Structures are given as C-alpha cells and as structure tokens.
Amino acid sequence: MISCHAAEDPIKKVAIFGGTHGNELTGVFLVKHWLENGTEIQRTGLEVKPFITNPRAVKECTRYIDCDLNRVFGPENLGKKMSEDLPYEVRRAQEINHLFGPKDSEDSYDIIFDLHNTTSNMGCTLILEDSRNDFLIQMFHYIKTSLAPLPCYVYLIEHPSLRYATTRSIAKYPVGIEVGPQPQGVLRADILDQMRKMIKHALDFIHNFNEGKEFPPCAIEVYKIMEKVDYPRNESGEIAAIIHPKLQDQDWKPLHPGDPVFLTLDGKTIPLGGDHTVYPAFVNEAAYYEKKEAFAKTAKLTLNAKSIRSSLH
C-alpha cells in the first residue's frame, strides 16, 4: 500500500522575531521577556531563538528608521555590497539573513514566527505565503482549533504583484502573526495574551510533529488578497474621503457591492463597486496611510492539506 501522507523533515531550528516594526509592541515585549526567561517557549529537541529584528526602531518606538524592514528581503537588497551608505534596514536585513539564512539555502532556519500588531480590528491572524504548503496549513489548522472558540483568521498573501519580501521569508516555513486592534506604541493585555497563546500552540504543534504524531488530512478557510484599495484623493493627491463608519472595524466581514466604503467630509457616501462580495482586511490600518492602502479586498476560499508526519518516524 502506498503511504498517502507527506513525509516532512523534523523541525530543528525556530526563531521568533519581535520588533520588525519598532512600534508594534506585543512582539517586542514578548521577545524581550523570552530573552530573559525562555522557559515557556522551549520544547525538547528544538532550538527556539527569540530575536529583536529592528533594535534601532524599537529604541525610537517607530515603525522603521530608513525604510520598511518587512519589505527588503528580496535578492536585490540581500545581494548589495555592505556599506554605510545603504539604508539601515537594508544593512540589518543582510545581518538577519546571515544569522538565520541564507535565504533559499539548506542552512536557513526551519520556521520564523514574525510577530506584528495592527491597528485594524483583525483579531488573531496568521499570514500564509504559500497555498500549497501542507505543513503550514496543518500548523494553522492546529492553531485555529486550539484557539477556538476565539476566532483565528488566515490571510493568504500569495499574489504575483502584491507579495513582498518579508523578514520571515528567509525561513523554509515563514509564519506571520498579526494581532489587533492595538494602537502603535501601546500594549494591551488581551492582545498580548492572544499572541502568546498563538505561539504556544504553534510550538506544541511542532513538538507533536517532531515526536512522530501523524496529522490527518485537513482543510482551512483562508482569505486571499485580491486588491489593495486606496483612499479617494483630490488633485493634490491628498485624502478626500475617510473609511465609512459602517466599514470601520468590520475586518473579515462580507462587504457587498453597493455597501458604504468611504465618506466625504460633505457627507457623500462612496459605495463598493464591482459585482462580487469581498472580505476586507487591514481596514484603516495606521501604518498603511503611507502605503496608500485604505484596506485590502480578499476572497474567501478553502485550502486542503494532505496528512503529514515526520520522516524520522
């Protein structure tokens, strides 16, 4: 009989990144705590390394110093000759790639969890970069099941023109964790507790997998990014309308054609165009004003994963 499960190598090296954006404080706070006392993140036979990715931005409590660290891990930046003239985050990306990579090599870390906060009402969100990755789909299924009844959403950023070179992308299995709503430069106990639980369940999954547990076939619901929507703007390029109150805080809720999306200062409602329902994410995210993104439109779909177990068992 042919085995129907996918045999995967056991996981040996895991990193937990905090402070990729220096004003998203839950990851910063947790990673600093785990650097002092990492008992809760240790699992037998597994190397788990907590790491502050952008220490200068953390010190300044700002998103970044020169450019967004979470966008510069492409081959062009990683391949640049190291020099003081490079933006701080590009130099830092090269250092991180050296420590945890090199990207796309056998030596790179198995898994990187990159901890983020959002000002949007997105709750617990896992970010997936590859819809065909059985191991990550199984892990996300385990985390979602373990967190229930607390909802946990999966944001799929697999889109040819909308993907970007994330900090975590140097790992074989990159995992983005996004928890909100939380203002920049602020800590909230409930958000911190949710992120801490997500990491706990993820590490438990890895431990169970390494111990030889077989995970049967599973399916998860995901929200795949389709388009980024900018605010309406005037001739000078300034924002001319704001997120409508009926859309504010409605991340992951169905948004139908004709539903209110923006509101002008003279009271005019701008509705959703098109002919199909979308699911908004990152609604009115503070950090995305500079990126000209009012929200992202996503489509809801189901991903299936084969049964998996460690190749050692």
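Cβ coordinates are placed from backbone N, Cα and C, and glycine is handled just like the others.
Unlike curated entries, TrEMBL annotations are predicted automatically.
According to TrEMBL, the feature domain 'Succinylglutamate desuccinylase/Aspartoacylase catalytic' maps to 11-206. Sequence annotations record features per position, and here TrEMBL assigns Zn(2+) binding site to His21, Glu24, His116. Marked as N-acetyl-L-aspartate binding site by TrEMBL: Arg63, Glu178, Tyr288. According to TrEMBL, the feature substrate binding site maps to Asn70, Arg71, Tyr164, Ala165, Thr166, Thr167, Arg168. Marked as active site, proton donor/acceptor by TrEMBL: Glu178. The domain 'AstE/AspA barrel-sandwich hybrid' annotation in TrEMBL covers 219-299.
Distance between Cα atoms for Tyr164 (substrate binding site) and Tyr288 (N-acetyl-L-aspartate binding site): 14 Å, as a whole number.
For Tyr288 (N-acetyl-L-aspartate binding site), the same-chain residues that are 6 or more apart in sequence and have a Cβ closer than 8 Å to its Cβ are Phe282, Ala294. Here the CA atom of Arg63 (N-acetyl-L-aspartate binding site) lies 10 Å from the CA atom of Asn70 (substrate binding site). A 10 Å radius around the C-alpha of His21 (Zn(2+) binding site) takes in these binding-site residues out of Arg63, Arg71, Thr166, Arg168, in sequence order: Arg63. The residues near the Zn(2+) site, meaning same-chain residues not in His21, Glu24, His116 whose C-beta sits within 8 angstroms of the mean position of the site's C-beta atoms, are Gly19, Thr20, Asn23, Gly27, Arg63, Asn70, Leu115, Asn117, Thr118, Glu178, Ala287, in sequence order. For the binding-site residues Arg63, Ala165, Thr167, Arg168, a Cα to Cα distance of within 10 angstroms from Glu24 (Zn(2+) binding site) holds for Arg63.
It is Glu24 that, of the binding-site residues Glu24, Glu178, has its Cβ surrounded by the most other Cβ atoms within 10 Å. Broken down by DSSP into helix, strand and coil, the domain 'AstE/AspA barrel-sandwich hybrid' (219-299) contains 3 helix, 34 strand, 44 coil. The number of other CB atoms found within 10 A of the CB of Arg63 (N-acetyl-L-aspartate binding site), across every protein chain shown, is 21.
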